[in-house]
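Quick look at what TrEMBL annotates:
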| type | residues | note |
| --- | --- | --- |
| COMPBIAS | 1-10 | compositional bias 'Basic and acidic residues' |
| REGION | 1-31 | region 'Disordered' |
| DOMAIN | 345-431 | domain 'Ig-like' |
| DOMAIN | 493-604 | domain 'Ig-like' |
| DOMAIN | 611-706 | domain 'Fibronectin type-III' |
| DOMAIN | 707-801 | domain 'Fibronectin type-III' |
| DOMAIN | 896-992 | domain 'Fibronectin type-III' |
| DOMAIN | 1009-1097 | domain 'Ig-like' |
Amino acid sequence: MPEPTKKEDGQPEVWSLGDGQPPEDIDKQVENPPLSTLLIEKPQGGSISVGGDITFIAKVEAKDLLRKPAIKWFKGKWMDLASKTGKHLQLKESFDRFTKIHTFEMHIIKAKENYAGNYRCEVTYKDKFDSCSFDLEVKGLSSASNCLVISSQTINEGNVLKRGSALFYSQTFRRCLRALTFDHEGQDDAGELDFSGLLKHREPKQEEVPEVDVWEILKNARPDEYEKIAFMYGITDLRGLLRRLKKTKKEEKKSEAFAKKLEPAYQVDKGGKIRLVVDMADPTVDLKWYKNGQEIRPTPKFIFEHKGTQRILVINNCQMNDDAAYSVVAGDEKSSTELFVKVLPVKIVKELEPVNTTVNERIELECEVSEEGAQVKWLKNGVEVPTGVRSRYRVKSEGTKHWLIIDDAMKEDTGTYSLMATGGTSEARVQVDCAYHHPTTNADPVLLTLSYIEVFTLIEVESCTLHDSGDYTFVPEGYSQSLCAKVHIIDPPKVHLEALNAPDNTVTVVAGNKLRLEIPISGEPAPRVVWMKGERVSGTIEYRRTCTGVLEIVILDTGSRVRAETFSDHTCLTIDVTEREDTGNYKIVLQNEAGEDTASVKVKVVDIPDAPGAPLVPTVGGDWCSMTWDPPYYDGGSPILGYFIERKKKQSSRWMRLNFDLCKETTFEPKKMIEGVPYEVRIFAVNAIGVSKPSEPSKPFVPLGDEPTMLVVDDVTDTTVTMKWRPPDTIGAAGLDGYQVEYCLEGCEWILANKELTEKTKYTITGLTREAKILVRVKAINAAGPSAPRTTQHSILVKEIRIPRHLKQTYMRKVGEVVNLVVPFLGKPRPKVNWLKDGQPIDPTQINIRNSDCDSIIFIRKAERKHSGKYDMTVQVENHVDTAVLDIQIVDLPGPPQCVRIEEVWGENVALDWTPPKDNGNAPITGYTIQKADKKTMEWYTCVEHYHRTCITISDLVVGNEYFFRIFSENMVGLSESATITKDSAVIVKEGMNLKNPEYIDYDFTEPPKFTQPLINTFAIAGYNTTLNCSVRANPRPKVIWMKNKIMILDDPRYRMFSNQGVCTLEIRKPSPFDGGVYTCKAINDLGEAQVDCKLEVKGQ
């Protein structure tokens, strides 16, 4: 192992081999040392004698720093001197507000020989770092305290030190630690450093050391622990260690809760708004936000927002108290950041103006700054002006303007006054001159030469002040006698409320805080002071005199919570714990022998509002409800900003917030509730002070289930109607208590039919008037209240005879089929039934009729065309008669078309024309079938089926052939039994023959609208769909408009309008008697317009 070299002074050198500096370069100065980022003045090394004192000073400029930096003092590389302070070592720090410089001092008192060595100062501020080393030399240092020489093996970057000299290095410094003699309890030897243990050379014991991967330890350690770990494992090349760690990337552990964490720091201007955003990997995890370790609750200042997977904390109107550490916790993971609130510099807008005045005059210096409520300082000749209640100087501010007021100027007030703000300073010269001089009680006697007239001598003092009081002496010229007089000047009392600096003399305080009003007063002699609330003195008045002779009046209240104190230059009202009742006008009355003065101060105590009234739940739905509440009786002296609503299940004790944005109204609709589960809701009122106590919970309510279903009429008599229905589709946990039945006459109010709930699904309404028309509805009732009602669609006629409505439609059968119609009816006693066909009695040999108590059957064994017609059924019970009309239509196959002829033949085409059949089979013709046959074979082939028109062109015929054509007619029953054949044949001419094309004149197909089929007056049955049809012809295509009673029908869901091939249809869905009237169909195009009308009458059931 190489021996350490010797310096000229005989001391050994210390070095380490590796990537650091070689031994011969240790004494060389490093070129271009790194610039300091924090320290503006570094401590310098020095030398003292044993027993002497020395001070090391470090300075840091705080102009760009938001808080105080951290500083540490070290001896050597690792000894922190912060815990070693005592008799011989003291650490001090100070801050100059004007220069904004932090000063840190280390004092060594009565130094000893072992205090010599290398010291280090480290300054840190967030991510900034600066350090400085310096040496202390103690003269008279013995040779025994020379530096310790420790040699070590060479440590390369890729080699981890395991054994050898490193173990010796570690054990040696452990002995050094045991040798330190710092006493923490302030003993005489506190702060002393003893390295004598290092001088004992002992042979290290060779011990087996387990293998340790130092690099893995360094990767997981904090940067401030690198030097300590290097010392423990004997690594001397700290620079090489740092270079290797810089190249080694740390494996960042992926967060399971956060996809993106908070930024390390945020900055916002004072009064601004900031958003702290985290991106969640699992949006279902619950989050909690903290400020300086305290959980943040949602308020108008702190607002929580959710946007997808992002969770956002919005901080409004940031102030200095919002400059703090913030964190968000999701499960077991945490993300932290710091928020810095930047205060903009306050600039001078209007400079101070110089003042020249005389003694006893009023001086008022005015200056204007750029920001309201800014903190400024007044200085006189560079020294801060005292502005306490006993000071001659009064400071006043209003908005951006600031004043310094001196009521009675003195010559000593001459000087340079300045106002200092964070963004500048304004100065002005004040000169106070003497107007006149006279002897006072405190000055030496001064002779005054006075003019006199005869025997009268007069001295006048204009605008006298309190300073003019004193003893005056008159000495006549040439005489040895003198006359003395004592002048006592009294001053009327005055209250200086402008010192409150409160708008409209109104002081606002939060309930529970302490209020102290200090109001300057003046007057000679000292005035008596009375504090009054309103027009009376509150509490007990006690008179006492202070040590200065001032008469003091104190207002006492219960427990001395409210008290008043008066001093020579001000009076003070103190309320220890403010309450709402302390709000009001407080009157100050000053009295002395010179006069009286009064002033009023309004005290406004603000508090959180009272709890709102218990909410009411007037309406409950399937999964929602509507709630209302009354505002709080007392708003806390601050307007109500809104309300928070909470909900919980009745059996639970956990309340859930329903709105994170304040509800401005006194109504709210909670949603997403479970049907059948009882709930309670409560309200919080919010004002600028805070959130009120919760209101009383609402009465428990249960979201309603569905309404009853299938409500139908079961039976009707002259005075009763029996209804039946089915239970709701779903019944919640609250169950079903029963049903409530109500009815109403047309145009009247609803009447309760059953006073007690019925559990059955059938009920008979009694006491009705015959021939009356009623509507019936049924509600399901449970603990939550009535459900939505189920109402009959049509009114019910109270009479004993009823015939079903569906029999009033047309009943169609084919020829030869059986006709068997059952017509039910109701009536008591058994009605008489009579049938007529087209107004004539029915032939019993052709049609069989069979009657019973509840129905009548019409039976035709084999239907024929002659059985078609209208059948009238009459049901009679005593004088009550009801009728029903049945339209029976027996249909058959149609006959063949008439007059089928070949209109024209050209090329491979043949034009055919025909007329409809004479017999349509008692049903509309739905189409035609056209067939062709070659004359040679006479085999028929179908060309076209279901053809609607009576003319057609057959194409693609074979040239040279001769064709015959025949046509079948078709209706709903089928094709006609026979077809009509063309008399002539059509010959398709072969090629080579010239065909002369006829000349055609263009035909004008345009025409104004014309209705080819008008509307027909129609009778409809209430509740059954009906249609109105007409056909119109026009070219170009017309615009069709439907009107009811001359009013256009637009966007009404009860009407559907169709137009197809000129056929216009208006469908009326489930008409009611109110849908009756005159309906008009109007067609309009460019050539004209046309319209048709019809009358629709809607009959009840």
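One-based numbering along the chain as shown.
Note: Cβ is positioned from N, Cα and C throughout, glycine not excepted.
Those TrEMBL annotations? Automatic predictions, nothing curated.
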Secondary structure composition of the domain 'Fibronectin type-III' (611-706) [DSSP: H/G/I, E/B, coil]: 0 helix, 32 strand, 64 coil
Leading contact stretch, 345-431, 707-801, 896-992 vs the domain 'Ig-like' (1009-1097) - CB distance under 8 Å: 707-801
Over the domain 'Fibronectin type-III' (611-706) the mean pLDDT stands at 89
Helix, strand and coil totals (DSSP H, G, I; E, B; other) for the domain 'Fibronectin type-III' (707-801): 0 helix, 45 strand, 50 coil
Provide the three-state DSSP residue tally for the domain 'Fibronectin type-III' (896-992): helix first, then strand, then coil. 0 helix, 53 strand, 44 coil
